Amino acid sequence: MSKPMPPLPCFSNLSLKTSKDLGLILLFPLFPHPTPRPEDSVSEIPLLPRDVLHVLSQQLAHCVAQIAREEAAEAGLSQALLHVKFFIIICRFLLSLQLKNTPEPCAPSRSQLETVTVYQNALQAITPASVEVLMLVLRRWCSPRNGDTQDPRLLQLTLKSLVGMIHILHASSPGQRKVEIRTILDSYFKVLNADQPMASLEGSPAARWEEGMIALRVNMLDAIPEMLNCGDRPVLQAMFLSNNCFEHIIRLIQNSKVRSPALSGRRQPGRDLADVLTSIMSNSPSAKEVFKERIGYSHLYEVLRCQSQPTARLLEELLNMAVEGDHSAFPVRRIRNEQPLLMLVAWLPELTSRDLQVFLSDWLKRVCDASLPSRVTCVKAGMVSCLLDALGTEQQLDRKCSENLIYLLQVLGSLSIRPGELRQLIRLLWTEPGKGPHPYTTLVIRALSGMARKDRAERALQYFDLAPSMAGIMVPAIQKWPGSGFAFHAWVCLNEEPEDVPDLPTRLKRKQLYSFFTASGTGFEAFFTADGMLVVAVCTKKEYMTVALREFTFNDSAWHCIDIVHVPGRRPFGQNLVNIYTDGELRQVAQLRFPSLNESFTSCCIGSAGHRTTTTSTVYPSPSHSPEPAFPSHPSLSRSQSFPASLATHSWTAGAAQPPGEGLVSTTVAGSQDTEWGTPTSLEGHLGSVSIFCEALQQTQVKALFSSGRFWISKGESPPSVPLLTSPGAKAASQKTHPGRRRSRVQALSPAFPWQVQPMMAQFEIDTFAKSHDHMSNFWNSCYDALMSSSLRREREKEESRRKFQELILEPVMKRSKYEHIRHVNVLKQINNHHHVVLKQWKALRRLLTAQRSAWADRNPPEIRWKLSSAETYSRMRLKLVPNYNFDRHAEASALRDNLGADHSHNPAEPLPLAVAKEAKVSELEDDQLAEEDLEAEPKEQSQREKLVISEDCELITIVAVIQGRLEVTTQHVYFYDCSSEKEETEEGIGYDFKRPLSQLREVHLRRYNLRRSALEFFFIDQANYFLNFKKKVRNKVYSCILGLRPPNQIYFGSRSPQELLKASGLTQKWVYREISNFEYLMQLNTIAGRTYNDLSQYPVFPWIVQDYVSETLDLSDPDVFRDLSKPIGVANERHAKDVKEKYESFEDPTGMIDKFHYGTHYSNAAGVMHYMIRTEPFTTLHIQLQSGRFDCSDRQFHSVPAAWQARMENPVDVKELIPEFFYFTDFLENQNGFDLGCLQMSNDQVNDVVLPKWAGSPEDFVHKHRKALESEHVSAHLHEWIDLIFGYKQRGPAAVEALNVFYYCTYEGAVDLDAIADETQRKALEGIISNFGQTPCQLLKEPHPVRLSAENAARRLSRLDTYSPNVFENLDQLKSFFVEGISDGVPLVQAVVPKNQAHSFITQGSPDVLVTVSANGLLGTHGWLPYDKNISNYFSFTKDPTVSNAKAQRFLSGPFAPGVEVSAKTLTVSPDGKLLFSGGHWDNSLRVTSLSKGKVVGHITRHIDVVTCLALDLCGIYLISGSRDTTCMVWQVLQQGGFSSSLAPKPVQVLYGHDAEVTCVAISTELDMAVSGSKDGTIIVHTIRRGQFMKSIKPPCESSLPATVSNLAVGLEGQIIVQTTDKFALHLYSVNGKHLSSVPLEEQVTALCVTEEFVVLGTMQCSLQILGLQSLQAAVLPMPMKVPVHSVSVTKEKSHILVGLEDGKLIVVGAGQPSEVRTGQFHRRLWRSTRRISQVSSGETEYNPPESK
């Protein structure tokens, strides 16, 4: 090696004239021997003397000064170029040495010393002046002077010098540097972004400097990846980020203005930009985040798009950016940056070149579908939504491009798709009417089928993503292991190891499956190696023992079931085994030690690298006694290969036939496992369900675990071809052996010896022909004799044959032909009917998809017309309207209206009485009840299996049709099959078929139909009812069978007549004591008396109440306002009484058949019902049918309430009473369907909506006041008189004659026996006449009806009862609040409710009910509750659950709950019988069912794909509705067992769609068949429960432009929808049919909401309890202050108290009355587990009196 040269003092005075002189000085000390190219000879480079470096620095400074002066710029630049070569020589040599491998540590070699020398020379040469020279070279390069050509080599040398500088400085310490890298980068980016580098000074042509500038920028951009290509890349990347490299690069592209056609051949700037960005962000998550925050990919997209149409090379660079490498490599690299892919998808529709579209879409399909991690990355990034947006522009996409995108959509959608994305995908199929099918129809349907198909490998719907390095599950410490064994069960999916990062050093690592270690380091462990091999380990204090499953690799991106079972020895020195199962099959058995279980497991991790073992620095050699045999790694097939994924090596069917192997145990010293197996990391994959058992599992149990799957694994069935393809050897063997077997069988049947044939022809002819002549002669002779002697016999046989042919063949053929013809006609009819049914189903599906909130929602939807639904409330109100899909405006019926004779409309002639055949009249009336022989003696035994009990033909009677069908009653259900030829679409589907659980049957009533006692009416607990007509004797048989089955919820048993039924029900006594309302009592009387909504001739009848319809106000305290209820409506006007009486007395029938009567018409008939309901379908259509296809004249129609009453007053013939709709239904008063009802003749006014009295401002106001009139004190005191007329003793007999209340005899029950009429035509005609004429209800009472108590007397009576507490809503002026402590001190009480249907046996009558409380921490409490206290008037009894305060006995909801979800009243609901608690909000998206008595989970259902946010139960406990963040709602059936709620059905009854954002609140009303949901998108959607049909969408008014979140939602008993939104905390009221009734803004934020019949109870965040009127939403009483925010509000079932849960854990009980009232002397009482005197109770210790809120 050369020695350093001595110092040269003469250099300080050296004067250099030319650059050649400087070059000689530079090269002299470096290269003592002449060489042809000095820069290539770098074998010996000495350390430069300090003086030489000093001279070089002075000369560089002199060059900079010269360049600054224009006249010497050229000379200075020429000298500086020599410095450039100098730096290249040094840096090139240094870089070449860095590429060599580091030798073994030994004595310093010559090459090492040379490296040090060159490195020190380079550091000494890198000065600010040298950097400035290089930057000047770059600035001057693009505009040379004097027409010199640009030398690209100079530019390349300069950039290489800068790259070398950055690498040398990056490898040095900060103290050695004279220039910082940041300074160089700052100057570099300034040059890069210079607009016209020195062009204005030089005056060079624009085209020339522009071309040079582009070349300069391209080369400078290409140099940036070379700068980053060094050892410590992340640090250098951070320096680039700190220098705002992204801003500089983006600014460069933005300022690029290349528009000259001559430069079109240059590279596109965006291509270099993508390459540079890829190098800066490669393998750096922080760099990606910085780019996303500072620049954003949307901005990058806009910048690139504004340049020009991209080239294929630019698109490839963006693909390279996504995979951070070569996208065309095989196998395809994993996606590292998904944002460029989203940008490319968005760019696709804007590509004008169809070839580029196909090219890009094909590569997108390859890259995104390359592996499972890539697909997961795309799904998480929102690729599905981007693909759908791109596909929405189908006119701009090539056909092949669309196919690629839809295929990619199918692949990603099979993994995961959001509800909004699915809706958007379905919308791709929608086209405008008349434009034919969408071009994507076939592709999208195929994609949807592919997503739903289950022939894929095992896949998970929810799982733990443990791919990040710090991911994992930490299990709390286990103080004492509860069992003697250890078993681990889990579903695992390991990602394939990345092969696309070759620069990263390979290292050993243990991908942890689980680790359970004690404090001393002993325990269990299992992990996967880098190549996917499973290793099971046990660590003792001295040894670390492992068993590897070598023949099975898991890193194939498929789900596998892994079971590891450690079996301890049964004896002290018995063998300890480990059994390893994969996919349910035992793979390996090994003798592995079992660690001691006496210590506590302090470090318990699953899929986490939490337990780090200590490893010494000494490398232990592999033990000789347990060598580690080498084994080849098994490559796993990926989806990019042609082999199907379902047949890959991970399929468990392949290994099922292999017996388990004997595993080798490898033993090392404890603590060396990190060295042997690598450092522990996270699982780096996906983990499904995990189970840990404290006992060893048997093989059958493992198989059961595998086959049963788990809650959130969607198991796909293996294709049937898999078992054959996985055993090709067996298949080939079978094909080879079968032919051989066939050949051997043929050979065995061959004869052993050949035949020897020697004919003897002569002898044969003699013997044969001689004998044949004799035989022939004898034969013909006998034939002749037989023919002649049997001619007669043949004739006789011929005749017999003809007869038998006719009997046995011809007649059966004719019969069969006729039968087949009939059958053929029936089959054609069935096919036709089926075709119509399918067509209606398709129409229903189309309506569903084109509904307002559906995927194919019409932009201009048609106006929806409505008809009355058959759904009823518990008060038997039919309030709901449903869409009328077969709406008819009845224009023809309006045109045919006959207004002639309208002049007589006010004085019509009385119709002729009915003429009934003599044999049909019945002289004696008998009660409608079953005889003893019709009743079954004993109830039938119930069995688990469903068995048919009875099956009979019948008719289903509805108001619109009579449907022929068949009823079948089994031990579990009641079925009706619609046998009509053409089935209509109904609310429950196509046709009138129904299936009802027998357990839900509440009542069965004997009914009459057309005056014949042949019908039954079924009532179910969800208020559904069906009216079935049988043959007369069949009805009793069916009724008897149903009674024999003893339905658990049936109220009335036995063969009671209506009279006995009324007595047994106790309804009269309840009404007298004011326990039920007047409306409820009248409706129940109608029901018991046989009145039904299903038969218009027996429609429920209600009285006219008010007679003042002209006053401005309605004064209910004035008796003159009301009608006289003691008189029939026909003589309500006293002037008519005399005429009616004279008519009765003067009537005589010559035949003697017709009894005397006062009225020839009836107060309730089909025509009268249609008269009132003419504006509401289906009554409009029925009215037109009754009027022979036309509307009745307008003057006779119901057009005015005052006019209708006036007609009663003026015409004694018109005796129509009212119908129930006058007291609850507002819509029948409005002409919502817009029918043309004509004009009145007198005034020529158009008949439209019903004219209301002056005291009614709207239909709602009229119905509300009319209902109040019905419940008024005056009506309550006289209603019994009207009941006597219609249902009581004045209905028949002398009392009826005296009361002028006798109607035509044919209307009375049992007066006519139609079966006695022999002529069927006459009987049918009479049935039709009777059905329209009307029928009198059954007589329920034969003695005067009792009078109702006054309100004052009823209250006085109740106050004397020990078990009574006043109704809190009837005593709002006497409210007091009391608190209960100790339930959940300091923890918010989020639920406090008394279930409304708690069952009590005869023995437990009077025992406390259950009051359920739930705290925010999940603490459950079941307390005792009575709404009264026998010692203190108007109080309550509360017994606290002792488990609440006992830490060991406390019961909690199973968790954990999802992040961002708090336990609240919205996510909790209690079954009406108090047995179950349903909860949502759980982390695994599940809906859980908890038994309140045991505190254990009895149901765990996962159907939603996101967190369940809200729950609600119906009143009868049949259905539960759940809302979720996935924007869907699901309706679940609550299963019953033994009459009690037991769990939920595993599958939802309906899945309801339509929301665009998270569902925040839900409500359900089973009786009205409506499910209501509110969402963050500001909408309320109403669906049906039974069919899941969309009904309507409601958007509450909002002042803000943004949608107001629906925070709270409730449905009233009459279907009112109460909504609270975030917009000014407004409260909105809607009718059951979606009509907006009122809105009020609230000053406080509502946190809890509860609805009763007439009031709304609110709890607020501002610490108050508010009670509002339901009709007006106005405050009914001043707000009650609470000390802290309210979290829950509920009303007890007796409406005696309001339960309020507060944030501090207190339970507030709000009651009415004076709690301090003591009945007799002093009492002791037990309250909250303490005994206090009355004086103590009333002294304020328990009364809740918080200060007034400010």
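Cβ coordinates come from backbone N, Cα and C, glycine included.
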Quick one: which of 721-742, 787-808, 919-940 does TrEMBL have down as region 'Disordered'?
721-742
For the record in TrEMBL, which of the ranges 100-123, 652-675, 1468-1491 is the region 'Disordered' one?
652-675
Surrounding residues of the repeat 'WD' (1501-1534) on its own chain - C-beta under 8 Å, 6+ positions past either end:
416, 418-420, 461-462, 711-712, 874, 1000, 1021-1022, 1396-1397, 1458, 1461, 1466-1473, 1476, 1478-1489, 1541, 1543-1553, 1555-1567, 1571, 1573, 1575, 1583, 1585, 1588
By DSSP, what is the split of the compositional bias 'Polar residues' (665-675) into helix, strand and coil residues?
3 helix, 5 strand, 3 coil
What are the DSSP helix/strand/coil residue counts across the domain 'BEACH-type PH' (943-1043)?
15 helix, 56 strand, 30 coil
Provide the three-state DSSP residue tally for the repeat 'WD' (1552-1593): helix first, then strand, then coil.
0 helix, 22 strand, 20 coil
